[in-house]
Every structure is written in structure tokens, then in C-alpha cells.
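The domain 'PurM-like N-terminal' annotation in TrEMBL covers B:28-136. The Mg(2+) 3 binding site annotation in TrEMBL covers B:Asp30, B:Asp75, B:Asp211. The annotation Mg(2+) 4 binding site is assigned in TrEMBL to B:Asp30, B:Asp75. If you look up TrEMBL, you'll see B:Asp47, B:Asp122 marked as Mg(2+) 1 binding site. Annotated Mg(2+) 2 binding site per TrEMBL: B:Asp47, B:Asp75, in sequence order. The substrate binding site annotation in TrEMBL covers B:His54, B:Asp262, B:Tyr318. The annotation domain 'PurM-like C-terminal' is assigned in TrEMBL to B:150-304.
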There are 2 protein chains.
Amino acid sequence: MPLSEFQLIQHYFQAHAAGRDDVVLGIGDDAALVTPHPDCELVLAIDTLVAGVHFPLDTDAADIGYKLLAVNLSDLAAMGAEPSWMTLALTLPESDPQWLEKFSQGLFELADQYGVAIIGGDTTRGPLTLSLQAHGQLPGGSALQRSGARPGDSVFVTGVLGGAAIALAALQGEFELSPDEMDHCRARLDRPTPRLAVGQALRGIATAAIDISDGLMADLGHIAGQSGVGAEIVADQLPLDVIESASLSAERHRQLALTVGDDYELCFTAPDSAIEKIRAIAFSSDCSITEIGKITASESVRVVDWQGKPIELQLDGYQHFPEQK
Amino acid sequence: MPLSEFQLIQHYFQAHAAGRDDVVLGIGDDAALVTPHPDCELVLAIDTLVAGVHFPLDTDAADIGYKLLAVNLSDLAAMGAEPSWMTLALTLPESDPQWLEKFSQGLFELADQYGVAIIGGDTTRGPLTLSLQAHGQLPGGSALQRSGARPGDSVFVTGVLGGAAIALAALQGEFELSPDEMDHCRARLDRPTPRLAVGQALRGIATAAIDISDGLMADLGHIAGQSGVGAEIVADQLPLDVIESASLSAERHRQLALTVGDDYELCFTAPDSAIEKIRAIAFSSDCSITEIGKITASESVRVVDWQGKPIELQLDGYQHFPEQK
């Protein structure tokens, strides 16, 4: 990019570089310098959003900025980490000041909320591709991993599921939503809430955790696979987003919630002895937490009805967001 | 990307994740976990390469992998840091196992040389765009920054300049090179050597440092700007790559060396009292270091002849690498 790259960075990003005393040197040198907390482990997550693949091409730039950070903070939440700093690799077709202004507005709306400082990045010209790395910290040995689930543990999810998937399906013309419902679901898709407070509170309590980005079945499958266990989810216990569209059947609703990600809620496991603590976490973090099933000694993840009978799920029905015109 | 994303990552990258005992958790969870050295600052650099912008579209995938890491290690070298870990955000048009195999080969050829462990990343589908973040460490307070140059300091560069720029100009048809010279210059362009040993040895000695990615004039300009000083470069002292093409004039050669980057040599400043130490660093790191001029109290960077008379440079002649067919 021409010289204006530096001016743009200066204008839109550098102003947000200050504010943390563990940042020795932010944007503007060959690399950034930070001072990690000496008793902590460093937690690193990097995620890319590609225009037309991860968000519709007409998505508001402020929502893109917000979501780019949110999906990375969601990864930190799933580890139980506290976020500290971010770096940003922006590939842009052109230097569009209006786009950058809105993008940075959305990005810093979320960053400022959690005290995340931008410390570095790179701006290049090319097809719209946005990578962000989030850096967090947590006390050594306290990270929530995917591999700790044990048979008999209960399976929990935060919040409600399905809203983001319903927005995607409606955008693709599968059914109609009322304007209010579309706004609600679109907000779930565009501005997911990283469950940082819950994740941090679960350190020492949850045996495994993951954020739901690929759909509950796939993500719980990752926990099961890495823990060497299985899981049984009770369909009726799933906390579904309340949608009243006449053209969305209850079955399809559940299928979307189970197989499409983008809600960025947490799925975690914990022994029964932790139930009271988990209720307290839900209360103090103002985020519902629902028990949806059990970890089993089998090696499969299945959904059952209230009588324990397996429900067949069509798992191959989902296509990643196709390119928009 | 479909499920094969996981298989590809497993196959090509995860095998290189081990080998450092400061990696608590590498690829395969929501985020990576590392243990920074308690007495060190953390040094973070992220750079993106876009196909057709930063490298010709026909570039060998192994060279792309090599260069992607090299340009980031070069940033760490310019800070005086020792590299530790890397994360990788790959956006690929398709899952091409052959391309990934060669790419990872080139990447790990360099990574293994410096003990850099891959700890995480993200693979998405889209136009070929590659971001890598390199993480290094150095003792607190010892980083080489751009802002420390003082009037009277000497200006130095490592290695020789111009080879990468000459390759670019020849690829764009400006002049012909013999096959041997093209190979030599293309290697300078595709596989730059990050000057890590020199950078680390310069801690406590150099007053300012930067790596030459935008061209010596622009990069020395960054040092001058951030240090609030100027600089005077003696044209005849520039260490130029030896090229014997009849169609490349000496003047154009020097202009390319001064105004086009991609050599990834270091430019640094130091007081005269450090000369003996700098000679020793050049000797022990087996890398030539040349004094090319002086920091001045003015606010401009200029090139002069051996009599001190200013030489006009056409600085606007350079275009970033244009898209190839």
C-alpha cells in the first residue's frame, strides 16, 4: 500500500494502542513489545474472516470489526483466559477511509470493553481478508482444555443456540423471518458475545471446554475425541433461541442449532459435584448455563429424546456460507 | 474448509509443533498455551504476503513458506529478539496437498534452523493470502528500537543490497540477467536471510535498528523520523550486490538498492565508540557489516558523493510488485 497506509493506521488504530502498562512498545516499530505477567501462561488464538466466506459481502464494516475480535476472544474464553492484546493483519482491496473508520469503530467497541490493546499489525493490498490474533493470560496450569472430559461429567452450554444459524439460513432464502426476528438473529450472527467471564470463572471447575463455532455436534465431538469419551445430548434440554417463524419447523430449528456454528457460546463439561458452583457462575456472570446431557464411556456423540432413544440428525446438510453476489 | 482441513494441518504442521519445552499446548485446542521466560519481554511481529502483490504468482510454494517466516524473523532480528514460536493464518483457494507439502517444507526448513515451533493457526478458504505471526523474547529493556539514533552516530547495514530489487526489475522486463545472476538475485528475493545473530549481538550496542523491507531510504527515514534526526549516506560506501549485466547501469543499480526493499538486511546506528565491537559481531556472525554514513542533526535523509555533494534520487520510481498473469 502507498504511504497513506501509515496515515490510516495512525488515524484509526494507533489512538487505541495506549491504556495498558504491560505494553512496552505498540504500533510503529518492527515489532511490538509486551511484558507478560510472570506467573501466567500466554494464550494465543488467531482467526481469519474472509469476505463472502465468513460473512455476507454486504455486512456492515463495524460488524466485521466487532466479529473479527469476538471470535478470537471466544477462543480465549474457551480456555478461561483474560484477554490482553491483539494484532491485526488487514488485507484490503483499497484504502477506503469510510470502511476503515466503521471497521475500527466496531473493533474497538468490543476491544475497549475488555481492555484489549492493539499492539501491532500489517496492512496489505489484496482481496478482503482479515486475520486477528488475540493474546490472553491465565495462571499457569489453569487453562480449560478439550481433553479433560470424563464419563459421568455433565455437558453444559451457555446462552441459547441457533440464532446465528437461523440468520444464515434466512439470508440464503430457506424461510422468512419477521423484521424483528431477522434483526435479532442477525445480531447473533454479526456480533456474538465472547463468554469471557464464564470461561474465567470455570477455571478449576470445568473438566473440558470449547467454543461453539462449527456447531454443537462438531465441537462437542472435538471434546469427545480429544478426551477419548462419548456424549449423549438430550434434544429437549437444548436451549434454543426463541423464533416464531411459521416456516421454521421445530425439527429444523434444532438441527440448525446442533449442526451450524457461529453462536460462539461455550460448551463445557463438569462433574455433578460442581453444579452449585456453576449455578453461581451463571448468576454472577448474568449468562444462562444449561445442562444438556452427559459424557459417556462410548466413543460417539449422539442426540436422544427424553426416553433416551437416539434421534437421527442429518449432519451433512450444512454448507459453509456461500459467496454472495 | 471441509474436514480435510484438520487432516492437512495434522499432516503438514502438527508434526513440527513439538520440540520446545515452553510450549504447553500447541495446535489442536481453542488456543495455544506457552510459557514465556519470566525475565523477558515478548516481541511480536505479524506480516502478510498476498499472491501477486508480494510475490509473483508462479513462485515456488517452498519459497513462499520460507519467505513468509523469513520476513517476520527479520522483524524480530531488527529488535534483537530470539525467535520462539509462530502462528499461521492460511487462506487458500483450495486444499492442494502438493502445494501445502512444498509450502510447509520451505517454512520448516527455516523454522527448524532457528528452533521456531508452530503453535497454532487458522486455515480458511479464499484468495491466497498468508499471514504469519512470529513471537520472540529478549531480556527486559534490551530491545533495539527505531527511536534511539543520535547525531554523530554512524549508520551501518548488514550484507549487500540490491539483489532482490534487481530480481524484481528483471522479472518485470527492465533488463536481462544471465541465468546464474537471475538465480542469485531470485534467491535474494525469495529466500532472504533474517539477520538474527547480528540483531541479538547488537543489544546494548546499537542505538537504533530496522530491517530493510521498504528500501534503505524509506527505512532509514523511519529511524530518522522516530529519532528526530537526519542522516547522510555516502553513495560510494553502499555495499551493492555484484551484478555484471551490461544493461544495468551503475546508477540504476544504486537507485534500486536504495529505494526498493526486500533484501531484509538490517540498518542500524551506533556511536563511533562501538566500532570494534561491531567488527567483532560481523566476524562472529559471518555477516559483513558496512558503515555507510552518519546520523545528522538535520531532519532529512540524503545521499551524498565522496565530496559530500548531494545526489538526487528519483524516489517515486518504484511500484510495488504488480499482478502477474
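Glycine too: its Cβ is placed from the backbone N, Cα and C atoms.
TrEMBL annotations: computationally assigned, not manually curated.
Overlay of TrEMBL annotations on the structure.
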residue	record	Cβ neighbours (10 Å)
B:Asp30	Mg(2+) 3 binding site	29
B:Asp47	Mg(2+) 1 binding site	26
B:His54	substrate binding site	22
B:Asp75	Mg(2+) 3 binding site	29
B:Asp122	Mg(2+) 1 binding site	23
B:Asp211	Mg(2+) 3 binding site	29
B:Asp262	substrate binding site	23
Rounded inter-Cα distance in Å - B:Asp262 (substrate binding site), B:Asp30 (Mg(2+) 3 binding site): 35
Mapped DSSP class for B:Asp75 (Mg(2+) 3 binding site), helix or strand or coil: helix
The domain 'PurM-like N-terminal' (B:28-136), counted residue by residue under DSSP: helix, strand, coil: 37 helix, 44 strand, 28 coil
Integer Å distance between the CA atoms belonging to B:His54 (substrate binding site) and B:Asp122 (Mg(2+) 1 binding site): 21
B:His54 (substrate binding site) and B:Asp75 (Mg(2+) 3 binding site), Cα-Cα, nearest whole angstrom: 16
Spatially closest candidate among B:Asp30, B:Asp47, B:Asp211, the listed binding-site residues, to B:His54 (substrate binding site) (Cα to Cα): B:Asp47
Spatial separation of B:Asp47 (Mg(2+) 1 binding site) from B:Asp30 (Mg(2+) 3 binding site) - C-alpha basis, Å: 22
Residue pair B:Asp211 (Mg(2+) 3 binding site), B:Asp47 (Mg(2+) 1 binding site) - Cα distance, angstrom, rounded: 13
